[in-house]
Amino acid sequence: MKVALIAHDRKKDLMIQLCTAYKAILEEHVLFATGTTGTRIMEATGLNVHRFKSGPLGGDQQIGAMISENQMDLVIFLRDPLAAMPHEPDVTALIRLSDVYEIPLATNIGTAEVLLRGLDAGFVDWREFYNAEGSIDFG
């Protein structure tokens, strides 16, 4: 599965803690992240992470493009709801695309843990049958 990892500045340490705690699960999947978040994850955990640009420079949109092409299976986006973001429209667009294309999305640590445990248990395997037209194809 392809997993996107995104964290606002004040949530990056929390993302590192999450990735450290769930390293055994994450290393079984293809990981993508916005620039700084990806670098910090790699340095702290040794996980292999494909890094896009930083969020404000278009990294959120690059991940959104993958979502719109059905090339992302799960998104963990640890947002800081108390800070104004200059690229807030990009954040909103990414969340909207996740809803449009039925991509499981966590925006806080509690939901992120549930999704990662579900990923490990096979509860997200249905994504393998989700086709580009936006419907489930089991055959």
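Using the three backbone atoms N, Cα and C, a Cβ is placed for every residue, glycine included.
Whatever TrEMBL says is automated annotation, not expert-curated.
Some features that TrEMBL has for this protein:
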type     : residues                                                     : note
ACT_SITE : Asp60                                                        : active site, proton donor/acceptor
BINDING  : His8, Lys12, Thr34, Gly35, Thr36, Thr37, Ser54, Gly55, His87 : substrate binding site
DOMAIN   : 1-139                                                        : domain 'MGS-like'
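Look at the domain 'MGS-like' (1-139): DSSP puts its residues at 72 helix, 22 strand, 45 coil. In sequence order, Thr34, Gly35, Thr36 make up the list of same-chain residues 6 or more apart from Ser54 (substrate binding site) whose Cβ falls under 8 Å from its Cβ. Once Cβ contacts within 10 Å are tallied over all protein chains shown, the binding-site residues Thr34, Thr36 are led by Thr34.
In the structure shown, the C-beta of Asp60 has more C-beta neighbours within 10 angstroms than that of any other entry among the recorded positions His8, Asp60. For the residue listed as 'active site, proton donor/acceptor' paired with His8 (substrate binding site), the C-alpha to C-alpha distance reads 11 Å.
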